[in-house]
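A.B. asks: First, the structure itself, so that you have it in front of you.
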């Protein structure tokens, strides 16, 4: 869209006064107030633009926006400074996590043969390395508070962990807990250099979204891992919340718990969505994150387990000012 701006009039026949058909914005400079000029009173026929009787310039609507920004330069520069700071923090975040990951990935590769030989299902050594990686990265960029560590079962006791999903930072935050649970991740992430390869060494379970057969295979693998002593981790919403509100839970995680008889450990994540909102992964805002680990929930009814776990997380989110769908 453009705005026609009057530059220089030439002699033109008088035109009877009347209601104008359109108006343009004209001004005496960037600091001047815009004024409305009737096109009908200046150029009665649009063809005169081609005939040269009136000279016009098509200006982008950005000129108007620039004039508006000039009226309040402090607000504009303040917003810009915040955006630039978040972008810089994001660049350093990924730089740090990449450098740390390279060295720790080498350690993973070195110990992997022993892990497969003695601890194929839990892979405690790999998870310990992942905890170091996540802790070194997180500690440099945001404060992390964990409440309810006493509710975590020992690594020797399998369980199904579930949490709300707000941000890309959720994985980093959860890895700092030092528990050997297997995440479920979409297959495309495994193609990422270093990070994807490390996920493979950790035993992360691949999933092709919108593929019912892949989903069924994923659940079967989770049941098999739990029966062999490993824990699994689900985001029951299925994806990150776009508006920060808790979504509907799917029953897959709770079916695994009901079939295997292991407890469900609900976890509430607070603040990750504000630091790195979905769709803005290149930015990292300043702030803090809180993790609340709730008491285990046991039972053999998947529907009831799903309802109870969601209620616990929803009540905690509402208590801290978050929304729930």
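Any Cβ shown, glycine's included, is placed from N, Cα and C.
Checked TrEMBL, it gives:
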- 91-116: transmembrane segment (TRANSMEM)
- 159-272: domain 'Phospholipid/glycerol acyltransferase' (DOMAIN)
- 183-205: transmembrane segment (TRANSMEM)
A.B. asks: Let's see if you can do this one: DSSP helix, strand and coil counts over the domain 'Phospholipid/glycerol acyltransferase' (159-272), in that order.
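C.D. replies: The counts are 46 helix, 24 strand, 44 coil.
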A.B. asks: To what whole number does the mean pLDDT across the domain 'Phospholipid/glycerol acyltransferase' (159-272) round?
C.D. replies: 90
